[in-house]
Amino acid sequence: MALRLSISSSHGPASSPAISTCRPAACRRRPALLSGSAASQKRSLTVMTGSEMRGVASVRSSSLETTSVGAEAVTGQVTEVSKDTFWPIVKAAGDKVVVLDMYTQWCGPCKVMAPKFQEMSEKNLDVVFLKLDCNQDNKPLAKELGIKVVPTFKILKDGKVVKEVTGAKIDELAHAIETVKSS
């Protein structure tokens with residue numbers, strides 16, 4: 001049995017996060033992205049019950065498919081987290097390295113990094129890859145983690161942030177992950 005819910009949200013300029021996001025030089029098109037259909041995002045949430053995949057929900061966000069799971073640290077994919085699920089998943093990861101992509105829906109560099117981040121998750125099967133939409137709902141966690149620009153990547157080991165990479169720097173992120181894995 002599957003349950004399908006449609007969730008609509010309007011994040012126009014008035015309801016945008018108060019977090020400083022995207023450097024102006026990198027995101028000059030922000031007003032255009034916030035107008036029209038981009039301001040009204042629709043998401044589809046599928047919840048499977050019984051033997052179909054207990055507790056797993058598939059969330060379509062922008063053009064990438066991600067999975068949101070209760071408190072399970074899954075490898076080989078990118079898992080969408082929220083302020084409520086982030087720390088339980090980090091705890092469930094135990095001694096595995098956790099990489100968190102902090103992004104916003106309207107950020108151009110974030111959209112460029114998303115497929116590269118997904119590819120990294122498929123290649124690094126010993127690392128847990130998470131992503132957090134720094135919208136109004138997740139603002140408390142974004143603030144707690146000290147985000148100032150997006151994209152920001154936080155690398156955690158044993159539940160503590162040990163490295164940070166800001167901006168769309170895939171090579172720097174890959175190097176940081178390898179450094180943390182080997183330490």
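Cβ atoms are placed via backbone N, Cα and C, with glycine included.
Keep in mind that this is a model prediction, so the values were computed, not measured.
As given in TrEMBL:
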| type | residues | note |
| --- | --- | --- |
| DOMAIN | 60-182 | domain 'Thioredoxin' |
| REGION | 1-21 | region 'Disordered' |
Using DSSP, tally how many residues of the domain 'Thioredoxin' (60-182) sit in helix, strand and coil.
42 helix, 39 strand, 42 coil
For the domain 'Thioredoxin' (60-182), what is the mean per-residue pLDDT, to the nearest integer?
92
